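TrEMBL lists Thr220 with the feature active site, nucleophile. Look at TrEMBL and you will find Arg248, Val249, Gly250, Asp251, Thr271, Gly272, Asp273, Gly274 tagged as substrate binding site. The feature transmembrane segment is assigned by TrEMBL to 12-35.
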Amino acid sequence: MSFLSKYICGSVRAFGYVCLVIFIVTLLSFGYYAYFRYNTIPSTPVVINTWAFTDSTTKSWSILNSNGSAIDAVVAGCTVCEQNQCDGTVGYGGSPDENGETTLDALIIDGVTMNMGAVGHMKRIKDAAKVARHVMENTKHTLLVGDGATQFAIQMGFKETDLSTNYSLTLWNQWKTNCQPNFWNNVRPNPEKYCGPYKPNPSSKSKPTSNFVDMKNHDTIGIVAIDHNGNIAAGTSTNGAKFKIPGRVGDSPIPGSGAYAMNNIGAASATGDGDIMMRFLPSFHAVQAMKYGHNPKDAAQLAINTIVQYYPEFSGAIIVVDKYGHYGAACHGFDKFPYSIANSNFGKVMVLYAECTKL
């Protein structure tokens with residue numbers, strides 16, 4: 001073959017390689033662009049809340065559609081569930097403690113400023129979420145508890161009232177016959193057989209276990225909202241676990257556990273066995289996982305998996321939303337976990353289900 005022929009063939013071959021490289025780079029670039037576009041197209045405004053509490057979702061969605069703020073939507077949604085006594089686990093008249101008293105916990109988080117307010121073990125005030133907002137907006141504190149939270153609420157203009165109902169008192173009276181189940185451990189007399197009063201039992205060293213949590217004893221409504229301005233807020237409200245030891249505060253009013261929100265990342269809210277979940281700050285964990293590149297569903301599963309490593313029998317769930325309105329959920333210990341959502345794509349309230357992992 002002549003030199004000229006070799007040169008021409010070599011040039012054609014080199015040109016082909018260059019074209020192939022350009023084609024691959026173009027294809028990869030287009031793929032990245034398409035992926036980026038798909039994953040950043042806003043699906044906002046959006047509101048999502050734990051469980052099939054659709055009245056709350058509807059109220060929050062109506063506020064967002066009226067150009068209301070994310071905080072307004074979260075507080076209003078929680079308030080609806082408090083008034084409706086959702087599943088007996090939110091608001092007055094449910095989950096009496098060992099003394100027969102209903103107490104409330106709530107949390108509101110502003111993802112714009114990272115300001116937040118919460119109340120725990122609040123007595124004789126029905127509007128827990130609204131009081132939590134006052135803590136956020138009218139104090140330099142984050143969490144008020146017990147009688148102090150009640151007195152603060154009265155100062156803010158809330159009415160003091162009995163939170164017990166015939167239903168909650170009936171539950172309590174039935175429970176008192178054998179005090180089962182309860183939250184005591186390593187005490188005497190044996191809490192699995194007898195009522196108290198209890199005293200420490202140094203000879204008993206039982207292994208830590210999860211609590212009795214099911215679809216009707218799940219501890220929380222958690223709400224996340226993103227408004228038309230892209231601002232994010234999250235909140236929770238609950239009357240806590242049934243027959244809890246007086247003074248107990250669960251995960252709901254704990255920032256990073258019951259809920260968490262950051263405007264430049266997203267938000268999350270958790271529900272379930274609060275005494276276990278608050279040891280892992282699952283809402284904070286999920287938001288930080290999104291910060292490092294995980295999508296909402298994977299971030300939710302990571303948060304759940306971390307808890308399962310230590311407490312495989314625990315029951316709980318988490319909803320997660322990124323700043324674009326993409327969402328995901330994960331759960332463990334239930335058959336499936338319902339959550340309610342409305343966004344600009346659906347245009348209405350939908351109930352979706354996450355399949356839960358088990359032992």
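Keep in mind that glycine also has a Cβ here, set from the backbone N, Cα and C atoms.
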Query - Distance in Å spanning the most remote Cα pair of Arg248, Val249, Gly250, Asp251, Thr271, Gly272, Asp273, Gly274, given for substrate - result: 16
Report task. Can you tell which of Gly250, Gly272, Gly274 has the least company, meaning the fewest other C-beta atoms within 10 angstroms of its C-beta, among these binding-site residues? Result -> Gly250
Report task. Round to the nearest Å and give the CA-to-CA distance linking the residue listed as 'active site, nucleophile' with Gly272 (substrate binding site). Result -> 7
Query - Those binding-site residues listed as Asp251, Asp273, and which of them has the most Cβ atoms within 10 Å of its own Cβ - result: Asp251
Query raised in the report: Among the recorded positions listed here, Thr220, Thr271, whose Cβ has the fewest other Cβ atoms inside 10 Å?
Result: Thr271
Query raised in the report: If you count other Cβ atoms within 10 Å of each one's Cβ, which of the binding-site residues Arg248, Val249 has the most?
Result: Val249
